[in-house]
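Q: This is the structure I want to talk about, given as structure tokens.
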Amino acid sequence: MSFFKHESIEINAGLLIALTMVVISIGGLVEIVPLFYIKDTIEKVEGVRPYSPLELRGRDIYQREGCYLCHSQMIRPFRDEMLRYGHYSLAAESQYDHPFQWGSKRTGPDLARVGGKYSNEWHVAHMINPRDVVPESIMPSYPWLMENELQYADVADRMRALKKAGVPYSETREEYQANVEKFGQEAADKLNILAAEQYLVAEAQAGNFDGDRSRLTEMDALVAYLQVLGTMVDFSQYEEGHFVEFR
Amino acid sequence: MSEANKQQGAVQTTGHSWDGDLQEFNNPLPTWWLWGFYLTVVFAVIYWVIYPAWPVGETYTRGVANTITYTVDGEERTTHWNTRALLMKEMQSGKSAQKMQAYMEQVAAASYEDILADEEMLAFTRAVAKGMFGDNCAACHGSGGAGVMGLFPNLVDDAWLWGGTVEQIEQTLTEGRHGFMPAFGRSLDDGQINAVAHYVLSLSDHEVDDDMAQRGMQIFNGREGGCFYCHTSEGTGLESQGAANLTDSIWTVADVPGQDSLDGKLNEVKRVVENGIERVMPAWEGRLSDNEIKLLTVYVHELGGGQ
């Protein structure tokens, strides 16, 4: 077929683009698509829920500031990583992340299980000037997080957008009930789009993540997000080797 | 005839021609490169057979004759090759993991007195706990344990807010601590706070105005201030409350040594009395194993002023 001769592809830009896309999509079809159908991809595990409205805003700020460029959120199943960071990451733990924050570069440490590791005060001091708490740190300072008021008027829309991507935030009574059954009452309240704004304010006031009760800052949201990372699964519930069964 | 033209005559061109004389060589691929390429193809086929590779419906090919055996509760399990099973096997039968495990068991069985008296166990503890301290503690207390003035306590000096015996350090690590001093900015006026600051500095032998210190002492030990509830009437502090000893010239919140003038020192103390303190040491139970907490307890005890 002269149509597919080297020369005719090379001199015909439209054909070259079309065939390039065909070749690339074969890689995607073979490597990615089967994962949607293979049963064991996402481990069956208790406790993983979508982010609360405040945590979600924190995650947006995490992305806005480009934290993922230096911090991964993916503990690989190696002995040295386990000794340093804890249990390896599960696919189930990022099932509600769109996009996931696995990252591919560790200039700073992995953050997949940073939740609960440091106090809120530490995070606040560390964001304002990392050198105050870690003298050898090369992380940039993010002082504006403490100055900027948190914008949360659009948090319901942000949740609706994620809902379209398959994250089970609830809008109707049925969806809410389904969440109660799946995640429990406490978590279902966090996922209710209709009460998102009130819940966000209440969570920030109760948690007082930035140490300043008079204001709701971006620091509140980011620290709330960091403090929940990797804490949803209680690994003591599962026998050693449980998660090997899923591979 | 130029060099380029000679070369052009030696090999084929693609036959394309631009601007009349611009042509493209069509050299064959170097043999070593071509065979290298065939070799990667052969490697890929062998890899498909031995390792998990191809998706098939709801499952995938698991690889042939390539299994990993690991143990769960004394029972042996064998599975196809995967990195999670590989990790379990390495943690159970890897050389360095086993060596570490042997020491860990020795430490777990020993009492604190035994560990502190045994040079070998102590050396192991220092080596292993140094890494754990770096991962878990150094973010606040600094890699050397010197802390951050005003925020995170110094672990290498002789002063202990919550006690410096191994039992107390273990409790601090296990359960965490919540250091709290109320803010007196609303209950005391500026003059009263000023007087209290004078008294506090006099406790650590600073030369201050006697009358002011006397007045401060009455507030400190009276119902107005009530400072003595936690700091005791001698100012030596109650370990049960995490209240600082104010007489030992060691400062953890007010940066008194960092100030040259007496006014500066007074301002530092006033700031703390006015705003209070709220500090949290996280609880490590559940995050670290009992044995890891034990190792860190010994390490922190050995950093400086263990009692």
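In case you wondered, yes, glycine gets a Cβ from its N, Cα and C as well.
Per TrEMBL, the feature heme c 1 binding site maps to B:Cys137, B:Cys140, B:His141, B:Met281. Marked as heme c 2 binding site by TrEMBL: B:Met181, B:Cys227, B:Cys230, B:His231. What TrEMBL lists as domain 'Cytochrome c' is B:113-204, B:211-304. Taken from TrEMBL, the feature transmembrane segment applies to B:32-54.
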Q: Report the same-chain neighbours of B:His231 (heme c 2 binding site): residues 6+ apart in sequence with Cβ closer than 8 Å to its Cβ, ordered by sequence.
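A: Spatial neighbours, sequence-distant, of B:His231 (heme c 2 binding site): B:Phe220, B:Gly237, B:Leu238, B:Ala243, B:Ala244, B:Leu246.
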Q: In the same chain, who gets a Cβ under 8 Å from the transmembrane segment (B:32-54) while lying at least 6 residues past its ends?
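A: Distant contacts of the transmembrane segment (B:32-54): 60-66, 80-82.
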Q: What's the number of neighbouring CB atoms sitting within 10 A of the CB on B:Cys227 (heme c 2 binding site)?
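A: Around B:Cys227 (heme c 2 binding site), other Cβ atoms within 10 Å: 24.
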Q: For B:Cys137 (heme c 1 binding site) and B:Met181 (heme c 2 binding site), determine the Cα separation and express it in whole Å.
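A: For B:Cys137 (heme c 1 binding site) versus B:Met181 (heme c 2 binding site), the Cα atoms are 23 Å apart.
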Q: Below 8 Å Cβ to Cβ and six or more residues apart, same chain only. Which residues does that give for B:Cys140 (heme c 1 binding site)?
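A: Long-range Cβ contacts: B:Gly147, B:Val148, B:Leu151, B:Phe152.
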Q: If you average the pLDDT over the domain 'Cytochrome c' (B:113-204), what number do you get?
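A: Summarising the domain 'Cytochrome c' (B:113-204) by its mean pLDDT gives 91.
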Q: Reduce the DSSP letter at B:Cys140 (heme c 1 binding site) to three states and note it down.
A: helix
Q: Between the Cα atoms of B:Met281 (heme c 1 binding site) and B:Cys230 (heme c 2 binding site), find the distance and write it as a whole number of Å.
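A: Answer for this pair: 19 Å between alpha carbons.
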Q: Quick one: Cα separation, B:Cys227 (heme c 2 binding site) versus B:His141 (heme c 1 binding site), in Å?
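A: Each residue's Cα considered, B:Cys227 (heme c 2 binding site) and B:His141 (heme c 1 binding site) end up 27 Å apart.
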Q: Using a Cβ cut-off of under 8 Å to chain A, which of the binding-site residues B:Cys140, B:Met181, B:Cys230, B:His231 qualify?
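A: Qualifying residues, whose Cβ lies under 8 Å from chain A: B:Cys140.
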Q: Quick one: of B:Cys137, B:Met181, B:Cys230, B:Met281, which of the binding-site residues has the smallest count of other CB atoms within 10 A?
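A: Relative to the other binding-site residues in B:Cys137, B:Met181, B:Cys230, B:Met281, B:Cys230 has the fewest Cβ atoms within 10 Å.
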Q: For B:His141 (heme c 1 binding site), which residues of its chain lie six or more apart in sequence with Cβ-Cβ distance below 8 Å?
A: B:Phe133, B:Gly147, B:Phe152, B:Pro153, B:Asn154, B:Leu155
Q: For the recorded heme c 1 site formed by B:Cys137, B:Cys140, B:His141, B:Met281, name the remaining residues of the chain with Cβ within 8 Å of the site's Cβ center, in chain order.
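A: The answer, listed by sequence position, is B:Asn136, B:Ala138, B:Ala139, B:Gly147, B:Phe152, B:Pro153, B:Leu155.
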Q: Compute the mean position of the Cβ atoms of B:Met181, B:Cys227, B:Cys230, B:His231, which form the recorded heme c 2 site, and then list in sequence order the other residues of that chain whose Cβ is within 8 Å of it.
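A: Here the non-site neighbours turn out to be B:Gly226, B:Phe228, B:Tyr229, B:Gly237, B:Gln241, B:Ala243, B:Ala244.
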Q: With H, G and I counted as helix, E and B as strand and the rest as coil, say where DSSP puts B:Cys230 (heme c 2 binding site).
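A: Where B:Cys230 (heme c 2 binding site) sits, the three-state DSSP reduction gives helix.
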Q: Assuming the binding residues for heme c 2 are exactly those in the record, B:Met181, B:Cys227, B:Cys230, B:His231, what is the maximum CA-CA distance in angstrom, rounded?
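A: Maximum Cα-Cα distance: 10 Å.
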